[in-house]
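Scroll down for the structure; my scribbles are underneath it.
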Amino acid sequence: MNHVNPKWEFLGLTFNPSNILMLAVTCLVVFLIAFISTRNMKLKPTGMQNFMEWVMDFVKGIIKSNMDWKTGGRFHLLALTLIMFIFVANMLGLPFAIAYDHVLWWKSPTADPTITMTLAVMVLVLTHYYGVKMAGVKNYFLGFTKPLAFMTPLKIIEEFANTLTLGLRLYGNIYAGEILIGLLAGLATASVGGFLGAILPAMAWQGFSIFIGTIQAFIFVMLSMVYMSHKVQTDH
Amino acid sequence: MNPFAIPLCTDIEMKHHQTEAGPPASLVSEGSETIVSLDQFVLAASAGDGFLDKLNTGDILATLFFFTLLMLLLKKFAWGPLMGIMDQRAELIASEIEEAEKSRSESAKLLEEQRALLKEARTEAQAIVENAKQQGDAQRAEIMETARAEAARLKENAAAEIANEKDKAIQAVREEFVSMSILAAEKVLGKEVSEEDNRALIEETIQKAGEGR
């Protein structure tokens with residue numbers, strides 16, 4: 001349990017090679033899923049193509065519940081990438097964690113606040129970008145005075161609060177899940193009795209973590225699209 | 001950066017106090033590194049690069065890089081083609097629906113046309129039958145009329161002939177009778193009765209005798 005993160009310094013930047021590794025693995029898995037399922041596509045879909053189309057329709061549904069498709073269509077790829085990336089990232093830490101010489105190498109990349117906050121800041125920056133681009137500079141700034149002018153400070157705070165909650169919610173959920181799985185694994189390896197005692201809770205918690213990981217991926221994308229719709233829509 | 005730093009600081013500082021109370025070991029190891037950096041940042045805010053040094057700036061860039069790369073790859077290999085095929089399918093379905101609608105209306109039109117034609121044919125047939133019946137009736141009446149007229153004519157002819165024959169016979173008998181009467185009178189009188197002189201007289205007599213009967 002007493003793990004530390006590996007650390008590299010390169011070009012004056014601080015890297016956590018475990019994060020890099022897990023990001024690469026996540027991207028690879030997501031890409032393979034997407035790539036394999038879109039080979040040999042037919043108008044009448046079969047097998048994996050069905051799954052991929054279902055995912056795309058699901059993401060489309062998320063976007064459509066926040067804004068009309070004409071506005072939201074351009075965020076489809078972003079939302080699709082986000083949900084697949086976060087879901088796979090959440091799942092990666094579930095089956096095992098690999099530590100070498102007390103250095104934690106294999107984990108969920110989303111169990112690191114740097115990564116989740118990066119994603120959250122990226123999404124929020126994009127909302128502001130599209131807010132200015134699609135609603136216009138005037139409407140973008142006017143948006144801060146709605147519904148009432150005196151709420152402007154609150155609206156500004158809200159932007160930072162949104163960013164923080166979006167990133168830290170994901171981080172907290174996944175990190176907590178990994179800690180508990182680690183504790184249960186520690187208990188299981190401590191003794192025979194501990195192993196017997198840990199089987200059931202470990203299985204239950206892993207199942208629950210799958211659920212949490214799925215829900216968190218969904219929530220992240222849903223909230224991203226909610227924030228996005230607040231910025232890009234002027235009439236509501 | 002600064003707006004994030006303030007809430008982050010308080011958050012981590014709280015964690016810092018918790019770590020002193022003795023939470024799980026992993027939290028300490030995870031947190032302590034950050035705490036130092038944030039403490040440094042708070043204490044020596046003017047130093048500046050202390051925070052950035054300890055922050056995983058490389059990870060941030062790597063995350064952005066990987067995410068963007070993944071997005072581009074997905075766009076190229078999965079999202080683009082899949083959207084293409086889904087659009088294609090939507091188009092196909094739309095066109096099929098349109099086609100079906102068109103052929104449905106066309107068939108309805110054809111059906112209506114056929115029905116009209118059938119109706120027309122039926123009325124025509126009825127008219128033909130009616131016509132034929134009428135014509136037949138007319139013809140029958142005509143034939144009967146002709147036959148009746150023919151019969152009447154024949155009867156009349158026959159009657160006329162009969163009358164004619166009768167007259168002829170009577171004439172013949174009368175003539176014969178006159179001849180025989182003259183012959184008889186010749187024989188009785190013993191002299192020749194001049195046929196030319198007496199014929200008128202005898203004929204008158206016979207005429208009278210015939211009327212008398």
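Glycine is treated like the rest: Cβ placed from N, Cα and C.
Bear in mind that the values here come from a model prediction, so they are computed numbers and not experimental data.
For the transmembrane segment (A:20-38), the list of distant contacts is 47-49, 51-52, 81, 84-85, 88-89, 92, 105-109, 115: same-chain residues at least six beyond its ends, Cβ to Cβ under 8 Å. What TrEMBL lists as transmembrane segment is A:20-38 (among others).
Same-chain neighbours of the transmembrane segment (A:77-100): 3, 22, 25-27, 29-30, 33-34, 55-56, 58-59, 62-63, 106-111, 115, 119, 123, 126, 170, 174, 177-178, 181-182, 185, 206, 209-210, 212-214, 216-218, 220-221, 224-225, counting only residues six or more beyond its ends whose CB sits under 8 Å from a CB of the stretch. What TrEMBL lists as transmembrane segment is A:77-100 (among others).
As annotated by TrEMBL, transmembrane segment applies to A:115-132 (among others).
The annotation transmembrane segment is assigned in TrEMBL to A:179-202 (among others).
Annotation comment: TrEMBL describes A:208-228 (among others) as transmembrane segment.
Counting only same-chain residues 6+ beyond the ends of the transmembrane segment (A:208-228), those with a CB under 8 A from a CB of the stretch are 59, 62-63, 65-67, 72, 75, 78-79, 82-83, 86-87, 90-91, 94, 108, 110, 119, 123-124, 126-127, 130, 162, 166, 169-170, 173-174, 177, 181.
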